[in-house]
Amino acid sequence: MKGLSEGLILGIESSCDETAAAVVAGGRRVLSNTVASQVDLFRKYGGVVPEIASRRHLELILPVIREALQMAGVTLEQIDAVAVTHGPGLVGTLLVGLSAAKALAFGLDKPLIGVNHLQGHIYANFLVEPPPEFPLVCLVVSGGHTDLIYMAGHGRMELLGRTLDDAAGEAFDKVARSVGLGYPGGPQVEKLARSGDPEAVPLPRAHTEGPYDFSFSGLKTAVLQYVQRTGPLNDQQRADLAASFQRAVTSVLVERTVKAAEAKGVRQVILAGGVAANGALREEMRAALEPRGIRLGYPPPVLCTDNAAMIAAAGYYLWRAGVRHDLDLNAVPGLGLGIGG
């Protein structure tokens, strides 16, 4: 079953509150994708507690890796390389996955490949059919990042714009808390917004100096002020506010992405990151792109949230390009999307 020419990559992900391992063949075929989520654990806290998350990763990392290998029907000896998230993320949780990956790479004499978590989200798009076609514009939108990227090919990236303050996903979480919704906030806001009027509450859209940059702090503040000014909200007011907020976010994301796609002359746009699972964003983006003859791609929701299949996919293309990392590879909590890789 091995197929040496395919390249079997074991991916490991532990950047936040998901302990994940996966085996991917040839950067495209998911043989297994095991995720142990801590969402239920942190729901009572309203967010991730780093120390608790790290301890839970320690308990889960080896069983999750074993399960991924068993589900894939492969042994450690058949793996060609070990790919692991080394940033960005929480330093304590990153170290758990990184330490496990180093131990495996050293013990098996296999290449170690450090993967940028954000690149992992991008490469989740290469695990679906049809795969994206270069050149393309990618919108990475998650709890910690909102980036607009031009990709001419594998490893050939240009950062076009990013958020100047809050990430879109962070704004979703904070607004969710302000209207009494649970954690994680994004899916809760999206669900509530379905029964609301997106035009009911006038909310600002930030204008940034950079044509492809984003800013959501003013929008978040406007929502908080509306809640304080209005007082206790009834169910319909909460739904209207959720819908109006969601529309304010998605309209800006769509407008900047379309502008970038037209400026770069691409025929392909892809979405990546947790917020890429948002149905309203997908629908509005598709409605804006299709009349322009631009294709829209995105992963299924299970590959939008943190997982190790995306890390293995990104790791495959790095492995194929000859990238190898030493065992002194560090966890980098604030790792950015490096231009060109």
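For all residues, glycine too, the Cβ spot is worked out from N, Cα and C.
Between the candidates D306, D326, D328, Swiss-Prot assigns the Fe cation site shared with H117, H121 to D306. N278 is the residue from N116, N234, N278 that Swiss-Prot records in the substrate site together with V140, V141, S142, G143, G144, D173, G186. Under 8 Å, Cβ to Cβ, and six or more positions away along its own chain, G186 (substrate binding site) finds G143, G169, F172, D173, A176, G274, V275, A277, N278. Long-range C-beta contacts of H121 (Fe cation binding site), restricted to its own chain and to partners at least six residues apart, with a cutoff below 8 Å, comprise V140, S142, A272, G273, A276, C304, M310.
Of the listed binding-site residues, namely G143, G144, the sparsest CB environment within 10 A is found at G144. Taking a C-beta cut-off of under 8 Å and a sequence gap of six or more, H117 (Fe cation binding site) has these contacts in its own chain: E13, S15, T85, G87, P88, G89, D306, I311, L335.
When the neighbouring Cβ atoms lying within 10 Å are counted for each of the binding-site residues (S142, N278), the highest count belongs to N278. In the three-state DSSP assignment, the secondary structure recorded for V141 (substrate binding site) is strand. The binding-site residues considered are V140, V141; of these, V140 has the fewest other C-beta atoms within 10 angstroms of its C-beta.
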